[in-house]
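*Asks:* One structure coming up, written as structure tokens, with questions to follow.
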Amino acid sequence: MKVFPALTSALVALGTAGVEAEHVQRSLVMGGGTVPVGAKTYTVGLRTTAEGDTFCGGALISPTHVLTTATCTASLGSGPAEWAAVGTHYLNGAKDGERLKVVSAQNHTLYNPNNFAYNFAVLTLEKPSKFSPVKLPAADGSDIAPSMSSKLMGWGDTSYPNGARANELQSVELRVVTSNCTYTVGPSEVCAGGEEGKDKCAGDTGGPLIKENGSGDADDILIGLASWGMPCGHKDVASVYARVSAGLEWINSVIKK
């Protein structure tokens with residue numbers, strides 16, 4: 001990692017590190033806008049109660065499995081992930097989508113909490129979701145290319161510092177950075193972002209980074225999960241995402257049991 005000791009890195013990844021002494025408000029999780037109601041329904045909000053606030057993101061990858069980061073299986077100051085809100089547009093409540101009980105969580109066997117290598121976890125749901133899962137990437141990493149456009153979804157803070165969670169699902173366009181990333185990253189990670197005011201932020205950890213591969217959501221490919229980085233939206237500072245293709249063999253071994 002570039003300069004952070006493990007504890008500071010963890011706090012940044014979870015969005016709990018102290019903010020810097022600046023007061024410029026920045027449009028974040030989005031720099032874009034609100035996802036249309038009924039779109040990107042494979043996006044999952046992790047909650048401690050069925051109708052409580054989402055504290056982490058994830059993606060539905062099979063009718064009974066959610067992929068998120070291993071950091072999200074810890075408490076994050078909110079308690080364990082007991083519920084997965086699938087297909088919902090909102091931060092909390094029961095207006096739409098479905099709320100499914102999480103019955104088990106399994107972290108990647110190579111997950112390292114000190115540097116966030118292989119930051120993957122698979123959650124198993126009590127019953128199948130009615131929503132369609134997102135497509136997983138090719139194992140050879142060919143779904144990622146230098147400077148390609150990607151999109152992040154989440155309910156995280158929409159301004160920095162002193163931001164507040166988004167009540168409605170947000171998305172932001174981010175450029176993938178495959179070389180000259182701000183940080184030293186391993187083969188299980190990929191960087192994205194670097195444009196001022198466009199970034200993941202507190203509350204977005206675990207959220208899906210996708211490649212839009214066609215005209216509809218059914219063509220979307222899950223390439224990453226929001227993992228860690230500096231406080232949000234800094235110019236020329238890309239954030240780090242768990243590279244899904246790097247964990248694919250393990251992911252498939254879990255969901256096919």
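In case you wondered, yes, glycine gets a Cβ from its N, Cα and C as well.
Per Swiss-Prot, disulfide bond is recorded for Cys56-Cys72, Cys181-Cys191, Cys201-Cys232. Per Swiss-Prot, the feature domain 'Peptidase S1' maps to 29-256. Look at Swiss-Prot and you will find Asn107, Asn180, Asn213 tagged as N-linked glycosylation site. Taken from Swiss-Prot, the feature signal peptide applies to 1-28, supported by experimental evidence.
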*Asks:* Closest of the recorded positions to Cys181 (disulfide bond), Cα to Cα, picking from Cys72, Asn107, Cys201, Asn213, Cys232?
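*Replies:* With Cα distances computed to Cys181 (disulfide bond), the winner among Cys72, Asn107, Cys201, Asn213, Cys232 is Cys232.
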*Asks:* For the domain 'Peptidase S1' (29-256), what is the mean per-residue pLDDT, to the nearest integer?
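*Replies:* Averaging the confidence scores along the domain 'Peptidase S1' (29-256) gives 92.
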*Asks:* What's the number of neighbouring CB atoms sitting within 10 A of the CB on Asn180 (N-linked glycosylation site)?
*Replies:* 9
*Asks:* Fewest other Cβ atoms within 10 Å: which of the glycosylation sites Asn107, Asn213 wins that one? Let me know.
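*Replies:* Comparing Cβ neighbours within 10 Å for the glycosylation sites Asn107, Asn213, Asn213 has the fewest.
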*Asks:* Take the C-alpha atoms of Asn107 (N-linked glycosylation site) and Cys72 (disulfide bond) and report the distance between them in angstrom, rounded.
*Replies:* 10
*Asks:* If you skip the near sequence neighbours and keep only those at least six away, which residues in the chain come within under 8 angstroms of Cys191 (disulfide bond), Cβ to Cβ?
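*Replies:* Listed in sequence order: Val176, Val177, Thr178, Cys181, Thr182, Tyr183, Val185, Ala238, Ser239, Val240, Tyr241.
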*Asks:* Out of Cys181, Cys201, which of the disulfide-bonded residues is least crowded by other Cβ atoms within 10 Å?
*Replies:* Cys181
*Asks:* Helix, strand or coil for Cys191 (disulfide bond)? Use DSSP.
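*Replies:* The three-state answer is strand.
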*Asks:* Given the recorded positions Cys56, Cys72, Asn180, Asn213, state which is nearest to Cys201 (disulfide bond) when distance is taken between Cα atoms.
*Replies:* Cys56
*Asks:* Recorded positions Cys56, Cys72, Asn213, Cys232: which have a Cα within 10 Å of Asn180 (N-linked glycosylation site)?
*Replies:* none
*Asks:* Nearest of the recorded positions to Cys232 (disulfide bond) by CA-CA distance, picking from Cys56, Cys72, Asn213?
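*Replies:* Result: the closest of the recorded positions to Cys232 (disulfide bond) is Cys56.
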*Asks:* Just counting, how many other CB atoms are there within 10 A of the CB of Cys56 (disulfide bond)?
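*Replies:* Other Cβ atoms found within 10 Å: 30.
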*Asks:* Please list, in sequence order, the residues in the chain of Cys72 (disulfide bond) that are at least six apart in sequence and whose C-beta is under 8 Å away from its C-beta.
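*Replies:* When sequence neighbours closer than 6 are ignored, Cys72 (disulfide bond) has Leu46, Phe55, Cys56, Gly57, Gly58, Ala81, Ala121, Thr205, Gly206 within Cβ distance under 8 Å.
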